[in-house]
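The following features are taken from Swiss-Prot:
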BINDING   68, 69, 134, 143, 159, 160, 209  FMN binding site
């Protein structure tokens with residue numbers, strides 16, 4: 001593993017302490033985010049995700065998000081060939097939690113906006129106002145071709161035009177309960193949704209291209225971005241700066257939430273050994289599929305999420321930022337993340353979710369300056 005850059009010395013301001021949110025990216029697909037024969041092999045189930053999110057809630061995580069994936073990468077591990085559906089999963093999780101914010105992902109090519117508006121209002125009712133929607137345009141062509149709904153490769157260059165109309169319909173229906181929107185992609189004729197959500201519905205996105213960030217700057221409450229590298233916790237700073245600049249153009253406050261995988265153990269060496277073991281078992285067949293799909297979009301620029309996912313540097317965990325080290329080392333690196341202007345939170349995955357969240361809550365989070373404001377844990381069993 002390449003040695004990390006020298007760590008920075010910094011002091012968190014009070015407002016930075018308060019802004020650092022923590023979320024869990026729940027494993028809605030088999031094997032989570034490690035494309036390796038050496039990683040834990042498991043199927044996605046409601047019971048597993050319930051245990052994960054309830055444990056996250058116990059440890060004061062702020063939110064839980066599930067993706068949507070309609071076709072996997074295959075290979076020896078059948079990576080992401082087995083997936084639950086996001087809205088129905090999160091509706092179930094909303095019913096068995098009480099404080100944590102819940103986000104489902106809408107694959108917008110598969111669901112009309114009026115249906116998403118009504119489903120979201122329903123989960124708002126289930127959750128008591130704790131629900132929000134992550135909107136994705138879709139990048140993996142075979143997911144949609146298999147159902148006969150891929151609109152053609154011109155969609156790659158028009159997908160944010162499509163999403164702009166989509167979110168305008170959502171805002172109409174969540175706001176007034178009625179939409180007469182007329183556009184190139186959607187035509188509403190006295191379309192109605194009632195009841196409306198009990199609180200303003202949060203919309204989140206994960207744009208890293210210029211078009212994606214421009215969309216988030218106009219319409220999203222916050223924007224996800226990839227962390228970068230291994231033990232380089234501030235390497236994403238230029239991406240956060242781009243998002244901050246885009247938001248300044250619209251006069252809105254749209255922060256960045258950064259995706260990281262945590263691989264922690266008692267010592268740096270023990271954690272590094274796990275990481276090297278996972279890399280040694282990389283599922284090359286599944287990774288080849290990912291690389292092939294990343295080359296299909298030739299129209300969206302070089303900074304798309306899928307191109308980062310397929311980069312060979314650390315493809316075994318789709319090139320999300322990776323924090324490998326002792327519990328103290330990971331805590332220190334997460335505090336460094338919090339020091340980056342525009343970084344309002346992190347979205348975490350783990351090599352082993354149940355033990356990973358418990359170790360995070362018991363042994364990492366208490367060492368983090370940017371989480372020092374949290375109340376004491378209750379004695380209830382997580």
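Here the Cβ of each residue, glycine as well, is placed from N, Cα and C on the backbone.
Keep in mind it's a predicted model, so treat the numbers as computed, not measured.
Structure coloured by features recorded in Swiss-Prot.
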{"residue": "68", "record": "FMN binding site", "DSSP (3 states)": "coil"}
{"residue": "134", "record": "FMN binding site", "DSSP (3 states)": "strand"}
{"residue": "143", "record": "FMN binding site", "DSSP (3 states)": "helix"}
{"residue": "159", "record": "FMN binding site", "DSSP (3 states)": "helix"}
{"residue": "209", "record": "FMN binding site", "DSSP (3 states)": "coil"}
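Site extent for FMN: the farthest pair of Cα atoms among 68, 69, 134, 143, 159, 160, 209 sits 21 Å apart. Neighbour density around each Cβ, counted as other Cβ atoms within 10 Å, peaks among the binding-site residues 69, 143, 209 at 69. The Cβ neighbour count for residue 160 (FMN binding site), using a 10 Å radius over every protein chain in view, is 23.
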